[in-house]
Every structure is written in C-alpha cells, then in structure tokens.
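Below is one structure, written out as structure tokens, with a few remarks after it.
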Amino acid sequence: MSKIKVYELAKELDRSSKDLMEFLADKNIEVKSHMSSLEDDDAQMLRKAFGKKKEEAPKKEEAPKKKNIVHVFRPQNSRDGKNLMRQGRPQQGQRGAGSRPGAPSDRPQGGRPGARPQGERPQGSARPAGTAERAQGGPRPAGAAERAQGVARPAGRPGATSEKPQTERTHSDRPRTEGRPAGRQERPQGQRPGRGFDGERGDRRDGRAQGRPGQDRRDDRRENGERGDRRPGQRSGRPFDSDRGDRRDDRRDSRENRGGRFGDGKDRQSRKNTSIPAPALEGQKPQRAKGKGKDDYKKKDYRGDEDERMTKGKGKKQEPKNQLQKPQHKEQKQEEQIKSIIIPEVLTIQELADKMKVVPSAIIKKLFMQGKIVTVNQEIDYDTAEEIALEFEILCEKEEVVDVIEELLKEEEEDEKKMKKRPPVVCVMGHVDHGKTSLLDAIRHTNVTDREAGGITQHIGAYVVEVNGEKITFLDTPGHEAFTAMRMRGANSTDIAILVVAADDGVMPQTVEAINHAKAAGVEIIVAINKIDKPSANIDRVKQELAEHELIPEDWGGSTVFVPVSAKTGDGLSDLMEMIVLTAEMMELKANPNRRARGLVIEAQLDKGRGPVATVLVQKGTLRVGDPVAAGSSFGKVRAMMDDKGRRVKEAGPSMPVEILGLNDVPNAGEVLVGCKNEKEARSFADTFISQNKAKLLEETKSKLSLDDLFTQIKEGNLKELGIVVKADVQGSVEALKQSLLKLSNDEVVVKVIHGGVGAINESDVSLASASNAIIIGFNVRPDAVAKETADREGVDIRLYRVIYNAIEDVEAAMKGMLDPVFEEKVLGHAEIRQTFKASGVGTIGGAYVLDGTFERDCQARIIRDGVVIYDGKLASLKRFKDDVKEVRSGYECGFVFENYNDIKEGDQVEAYKMVEIPR
Ligand SMILES: Nc1nc2c(ncn2[C@@H]2O[C@H](COP(=O)(O)OP(=O)(O)OP(=O)(O)O)[C@@H](O)[C@H]2O)c(=O)[nH]1
C-alpha cells in the first residue's frame with residue numbers, strides 16, 4: 001500500500017506523530033495511532049498545515065499533558081469528570097486534581113473519543129506508577145473510589161444498593177444521608193453557625209481540597225454529577241436539599257473524625273425539629289417503597305438514636321436489642337436506637353455478630369432463611385456484612401485502615417513545568433524459550449544466555465540502550481514461571497512491555513500470564529513475534545491467537561503494535577526499537593530530575609567485599625553519591641554508584657538503572673528507594689518499615705489461624721504442613737522460590753515458607769528449621785561450617801540447588817512423601833490346603849502346598865472355597881515343619897494358622913497378598 005503512515009509523515013514534516021494526530025483529531029479525522037495509514041487528502045492537508053502553521057502545534061505542546069493511559073480503566077475518574085469539569089468549572093485547574101494548569105483541556109482524547117485510540121487500549125490504562133493516578137486525585141484512588149461508593153451505597157438497605165443507574169443511586173443516597181448525619185452535621189454547623197448553605201458548602205469544599213487532595217475526585221463527582229444535576233429538581237421538591245448536601249459533606253468529614261459523630265444536643269434538637277422529608281426512593285424495591293412504615297421506622301430510628309442520646313441520663317432507657325423486633329415498635333412509634341458499627345473489609349460471621357452484639361446463630365438463621373448456608377467462621381466481605389447488618393437495622397461503616405507505609409511513601413503532585421522527558425523503561429515478557437534473553441541479547445549485542453545456569457534467566461538486570469540518540473532502559477525480566485512474582489514487579493516498574501511470542505509456538509500459558517500482568521499494570525504492550533526465521537513460523541496464527549486476548553494488530557483494525565523479529569538473524573530489530581521510541585513519544589514520559597531521588601529496587605544482594613548491593617531504577621529526581629537513602633527496612637548513604645556497564649557514576653537521573661553501595665542491609669526487590677534529607681530521616685524511615693512489617697507479620701499469622709478450614713483440617717489431622725526455609729544469593733530468587741513453593745500447597749499439605757533471606761545458610765537458619773521441623777532450601781548458596789554441623793546434629797535437611805526448577809520439583813516430590821500414601825493390593829502367591837490338624841492352644845493348622853509365588857510371614861491371606869472368599873485376614877503363623885519361617889516359596893509345603901479362624905478344610909485355596917504403597 002502506498003498510503004503514508006502517521007509516523008512516517010511526522011518524520012517527513014519533522015514533527016511528532018502526536019502533533020499530527022492532535023491536528024487530525026481537531027479536524028475530526030479519526031486515526032488510531034501513529035501506525036495508522038493516512039488518506040492522501042488528509043496527508044496533503046497535514047503537509048499544508050504543518051508546512052505553514054508551525055507555530056500552532058508547538059503552542060499546543062506547551063500545555064502539559066498527562067499520559068493517555070490513565071483514562072481507560074477508570075474513566076469515571078478521568079475523562080468524564082474532567083470534561084465536565086472543563087465545561088462547568090474552568091477554574092478547576094487551580095485545585096487538587098487540576099493542579100496541573102490546563103492539563104486536561106488540551107488532551108485530545110478527553111473531548112474527542114477515538115482521536116487517540118492508544119489511550120483507549122484496555123492495557124494502556126490504570127498506570128500504577130503513581131504520577132498519573134495521583135493526578136487523578138490522590139495516591140489512593142481505590143480507597144477514594146470506595147469511599148465515594150460508600151456515599152452511594154447508603155441506600156442503606158439491603159438490595160437497594162448495587163445495580164442502580166447513577167442517578168437512581170444518588171437518590172437512594174438520601175435515606176442514609178438523611179438518616180445518619182445528625183451528629184455529623186453538628187460539627188460544621190457548630191463551627192459556622194451563621195452561614196448560609198451555599199457559602200458553607202463552598203468553603204468546606206475548598207478546605208477539603210487543600211487539606212485532602214485525595215478527595216478531589218469525590219468532590220468533582222459531587223460538583224459535576226450529583227450536586228450540579230440534582231440541584232434544580234431538589235430545590236423545588238425538597239426544602240432541605242441544601243441541608244442534605246451539607247450533611248453529605250459532613251458525613252465525609254465525620255468519617256475522618258468518628259469521635260465527633262454525635263455532637264452537641266443543640267444542633268440535634270434543631271435537626272429533630274426540622275422533620276426529615278421522605279426521600280424519593282425511585283430505585284427501591286416495591287415493598288420498600290410501599291413499606292413506608294419501615295422507612296419511617298428507620299428514620300425514626302435515627303431520630304430515636306439522637307433523641308436517645310440527647311435524653312441520656314434523663315432516665316429514658318432504651319432496650320439495646322430493640323432493633324431485632326420490628327412491627328409493633330413501628331406502630332407504637334417508640335423511640336429506638338439505631339446502632340452503627342465499624343467493620344473491616346473482611347470479617348467472619350462470628351466477628352460480625354460480636355460487633356452487632358447479637359448471637360451468631362441469629363445471623364446464620366437469617367441467612368439460612370434467605371437460602372444461604374454459612375458457618376460462624378465463614379469470612380464475608382464488607383458489602384455482605386453490611387447487608388446482613390442492615391437486616392438487623394444496624395448501619396455499617398468501613399474501617400479505614402491507614403497504611404503507614406503507604407502514607408510514608410505518599411508523594412505530592414509535581415509541577416508539570418518542572419517535568420522533563422525521560423527514557424522509557426521497557427521489560428520483555430513472554431513464555432519460556434520464546435527468545436526473551438536472545439532478543440535482549442541481540443539488542444545489546446552481548447551474550448547473557450551462555451552464562452545462565454540451566455539456560456534460564458535468573459535475575460532482573462537492567463540495561464540502557466541508545467537508539468538514534470534516544471535512550472531506552474530495558475529490564476531483563478526472566479521468563480520462567482518461577483519468576484512470576486518478579487515479572488510482576490518488572491511490569492510495575494515499566495512503561496512498555498515487549499511481549500515476545502515465538503512465531504513457531506504461538507500463545508502459551510505464560511504469554512497469557514504476561515499479557516494479564518502487563519494489562520493489570522497498565523503498561524503499553526508491543527508484541528514482538530520472534531523466530532520468524534524459522535520455517536515453521538506462522539505470524540498470522542500468532543496474531544489470531546493474540547487477538548483473542550484483545551491484542552489486535554493495527555493491520556487488522558486494532559491498535560497494538562506487532563513487530564515480526566528474529567533475535568537470531570536480527571531481522572526487524574530496528575523496527576522494534578523504532579516502535580519503542582515512537583510509543584514512548586506518544587506516552588510523553590516525563591519526570592522531574594531536579595528533586596530528591598525516588599526509585600525502585602529491582603535487585604539486591606549481599607556482596608562479600610562490598611556489602612549490600614542494590615540495583616535501583618531511578619524513577620524521579622536525581623540520585624547522587626553521598627545522598628542519604630532508605631529502601632524498605634534498609635537505609636544508608638550512597639557510597640558509590642555504578643551504571644549498567646559497571647562504570648562508576650556520580651549521579652543517576654530518571655529511568656537510569658544503577659547499582660548502589662552503602663545500604664546497611666539488603667533491601668527487598670520491589671522496594672521503593674527514597675532519597676532523604678539526612679541520615680536520621682533515612683533511619684527513621686527504615687525503622688517505620690521494620691515495625692510495620694512486624695505488625696503485618698503478626699496480623700498475617702493471626703488471620704491465617706483464624707481461617708476456618710485450615711483450623712478444622714489441622715484439628716482433624718488431615719492437614720500437614722511443610723515448613724521451608726529459603727536462602728538464596730539474591731532477593732529476587734528468594735521471592736521467586738517462595739512464590740513457586742507456596743503454589744505447591746494442596747488440600748493435604750500446606751507449604752509454608754517460614755523464612756526467606758539472602759546469603760549463606762547459617763546456624764540461625766538451621767535452628768529455626770529445626771525448631772519448626774522445616775527443611776532448608778539453598779539456591780546458589782551453601783551452608784557455612786557451623787550450620788552444616790548443626791544441621792547434621794539436629795537432623796535438619798538442607799538441600800542445595802543451582803536451578804530453581806529442580807528445587808521446586810524436589811519439594812513437590814517431598815510433598816508426595818508427606819501425602820497420605822495410597823495402598824494397592826499385591827498378590828504374593830497361592831497355596832492349597834491339603835491337610836488340617838488341630839493343635840490345642842493354637843487352633844486349626846492347615847498343611848498346605850504353595851502353588852505359586854511366595855508366602856510371607858505376617859502377610860494377609862484370604863481363603864477361597866468354591867470360588868467364594870470365606871475368610872480375609874492375617875496369616876498368624878507360617879511354619880515349615882516345626883519352625884517359624886519368613887517365607888515359603890512355590891513348590892514347598894508349609895503350615896498356616898489364620899488369625900481367629902479355624903474353619904479350614906482340605907481343598908481350600910489360599911491367596912496371600914499384602915498392601916503396598918504406590919508412589920503418587
Ligand atoms: N531460530 C531462532 N531461534 C531463536 C530465536 N530467538 C531465540 N531462539 C532460540 O530459542 C531458545 C530460547 O531462547 P532464550 O532467549 O533463552 O529464551 P527465553 O525466553 O529467554 O527463555 P527463558 O530465559 O528460559 O525464559 C534458544 O535456543 C535460542 O537460541 C530466533 O529468533 N530464531
């Protein structure tokens with residue numbers, strides 16, 4: 001085809017593909033990506049336009065843009081909200097999410113869907129790296145979203161929650177917002193007694209925007225969707241609308257400060273006097289709508305709740321269990337107490353019952369009536385718990401878990417103006433032997449494959465490659481299944497994933513796994529169809545198979561870049577590199593180099609001479625020799641830095657991988673490395689990690705013990721535990737081994753890695769293994785002399801490996817030994833009773849002749865008479881003449897005595913057998 005592609009024309013015009021695409025988008029001409037072909041007319045128009053109006057495009061470029069990828073997975077967070085924001089409130093650019101001035105306004109995909117289909121790829125969405133998400137309104141978007149849902153949920157009654165359209169849901173907000181907030185409303189009102197509603201709302205919003213950036217999205221939603229849309233209708237129909245709006249805000253505030261939920265009585269009094277209007281419950285179930293009594297009852301409950309608290313101490317006592325009885329109370333309009341409980345994300349029925357102060361059986365019964373069979377120890381999620389609680393007229397609030405580490409690692413949104421272009425970080429993923437290492441090798445002209453033990457890539461390494469003056473950082477992620485965990489990290493730290501698929505093999509399980517990881521991490525995927533030099537290569541088949549996983553090539557109308565390559569001949573490699581550079585250009589990868597460094601530990605090990613060595617990918621800022629840093633529980637001052645070629649460097653900017661020396665301990669791979677003000681700060685950072693990890697470990701142990709199934713199984717003796725201590729040369733291998741070993745757990749044996757660490761197997765590892773009855777697996781490490789001696793003394797099994805796969809295989813086999821053995825009957829031989837004798841004190845002795853096989857002492861035997869088994873039991877005695885013997889072979893005579901059986905006759909056939917264990 002002679003049609004020119006966008007990127008080709010961009011080259012021709014000396015422009016970026018993005019400029020051209022934006023221009024086309026302005027003209028409502030749809031192009032999917034820089035790889036799309038252009039109609040001649042369009043190309044002509046572009047030539048004209050960019051020949052003349054050179055100034056226009058650069059102007060556009062001035063406006064900082066966000067990565068397109070964020071806008072797909074959470075469209076509610078971005079595109080729609082932003083558009084609305086843009087239309088309705090242009091000044092939003094000043095606050096929170098909009099703190100990048102003008103950021104949203106120029107983004108082509110925002111206003112014109114389809115203009116930048118790259119952004120619409122499913123995989124190109126929820127970028128985890130932080131920047132984009134934070135831009136959406138805080139570092140914890142999920143939590144924020146949940147909370148936002150929490151606002152919508154309160155439909156407050158089971159069944160009224162989920163499948164409602166947005167508008168209905170906002171309506172159904174009301175009962176709860178109305179019902180609850182008495183106390184919540186107080187604080188703000190008390191603080192600002194004289195204010196009008198609108199002013200108050202505005203103020204509070206601003207306050208939140210400053211204080212809690214994570215709330216912006218919620219605010220946006222309210223401003224754009226709920227409040228904005230609803231206001232007119234509500235004004236007319238509901239006199240207390242603005243009040244309600246405030247209360248909703250208040251409720252949020254009060255979530256932060258639960259202690260202040262029930263405030264002073266004055267306010268409550270006033271609220272009580274303003275009788276609450278019945279909400280328009282459009283989306284509710286008929287019986288709920290018609291069962292006004294119940295709603296009223298609930299509202300009354302709230303009021304009752306308030307009243308009760310108000311009148312506390314005035315002698316009015318309430319039955320705390322009133323919620324359990326309904327109809328009469330409704331009619332009597334008796335004041336009751338509505339309870340509100342705070343529950344975690346996951347809890348057991350027992351815990352819920354404890355919180356609700358009801359007996360667990362009441363819950364179980366209720367659920368049973370609904371056709372659900374549960375046990376007290378069954379774990380349920382928040383939503384289910386809330387539904388159950390509401391059945392009992394108890395309101396729920398989600399326990400907000402403050403992740404100290406997350407808070408610690410939280411970052412402020414950065415000024416777009418300070419951002420500078422940074423190289424893309426690329427990882428290579430794919431199925432075993434599809435050629436990842438060879439491809440990376442071919443790219444950087446070195447030869448790693450030969451050095452790898454067992455021919456399998458075993459660590460993450462990082463390399464920088466330069467293509468036409470553009471740098472690309474490659475993470476050498478390994479492909480074996482054992483490295484799933486590391487690959488996951490690989491995906492999280494990268495911008496682009498090269499999915500290597502062998503043209504002769506097609507999509508394999510790990511290919512799919514890699515796709516899922518990449519999609520989950522929100523990285524761009526470029527498919528490299530490798531081994532096209534092979535005669536059996538079938539590129540179309542690969543395309544077809546990948547299309548089933550939503551990776552559709554551009555020549556098929558999709559938007560995924562496919563590049564056929566051969567790592568062996570080098571064919572297509574330059575195309576691949578060009579595509580990486582182009583994709584990176586489209587992604588507009590930026591970072592601020594002039595700030596304290598922040599990076600990711602991609603590998604760490606203990607070096608005998610140099611101490612802990614960590615390979616760090618700098619993601620933001622610049623890391624310099626002498627900088628105080630902390631990474632997880634380790635900290636220190638950067639003593640020296642080496643780049644990917646082993647050269648000493650003084651500083652490392654964004655996207656640059658460096659090896660650093662100077663940490664006090666080996667950090668975990670995947671840990672965030674942060675530059676600190678001084679060493680003291682670094683130390684306290686690390687200390688926080690240590691204490692948090694301890695708490696987490698405790699929590700984990702606790703939660704595991706509470707798992708019902710595990711407990712019952714252990715109690716019944718059906719469950720065995722295989723404890724393992726893992727030691728390896730690098731942290732990545734420890735993690736990989738851990739993950740793979742844990743996966744070996746089955747119904748009968750649970751694999752538990754009780755300890756994992758880097759370095760030689762030492763005495764403490766052996767003592768731990770001995771105390772826990774565990775085995776030790778060493779990968780590329782050996783036990784020191786003392787450890788060996790201790791292990792011999794204490795009988796601790798130490799197994800050493802050089803290939804992870806072998807370790808996993810061995811453990812699997814060991815586990816088979818632990819499984820309850822499977823027995824099979826093995827027939828030993830046959831004999832015929834030829835004579836019988838009676839002996840006092842012994843019983844009947846059968847004189848027999850062994851026809852075939854061998855009779856063994858203590859074997860099992862069955863007596864068959866006329867084809868019918870008349871006895872099956874133990875052979876109590878086997879004699880030749882007067883002597884007990886171990887065995888009697890065929891062709892010999894012998895005497896049998898059967899355990900507890902004397903009714904033997906001449907001519908009886910005897911079959912000897914034993915149960916043997918068969919390997920699984
Ligand atoms: N013919 C041909 N063979 C290739 C090509 N690329 C890789 N190979 C061969 O495929 C085999 C596997 O290649 P690797 O690079 O080790 O594959 P990998 O995906 O890194 O494997 P793991 O590290 O084990 O996950 C090697 O024998 C390579 O020589 C290619 O383009 N053409």
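Including glycine, each Cβ sits where the backbone N, Cα and C put it.
What TrEMBL says about a protein is an automatic prediction, not a curated fact.
Residues or ranges marked as GTP binding site in TrEMBL: 430-437, 476-480, 530-533. DSSP assigns Ile532 (GTP binding site) to coil, not to a helix or a strand. Around the Cβ of Ile532 (GTP binding site), the number of neighbouring Cβ atoms within 10 Å comes to 22.
The feature compositional bias 'Basic and acidic residues' is assigned by TrEMBL to 52-65 (among others).
TrEMBL lists 86-124 (among others) with the feature compositional bias 'Low complexity'.
The compositional bias 'Low complexity' annotation in TrEMBL covers 132-150 (among others).
The compositional bias 'Basic and acidic residues' feature in TrEMBL is assigned to 165-270 (among others).
Marked as compositional bias 'Basic and acidic residues' by TrEMBL: 292-303 (among others).
The domain 'Tr-type G' annotation in TrEMBL covers 421-590.
Taken from TrEMBL, the feature region 'Disordered' applies to 32-336.
Marked as region 'G-domain' by TrEMBL: 424-572.
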Binding-site residues close to ligand 1 - of Asp433, Lys436, Ile532, only those whose C-beta is under 6 Å away: Asp433, Lys436
For Asp433 (GTP binding site), the number of other Cβ atoms found within 10 Å of its own Cβ: 18
Reduced DSSP assignment, Asp433 (GTP binding site): coil
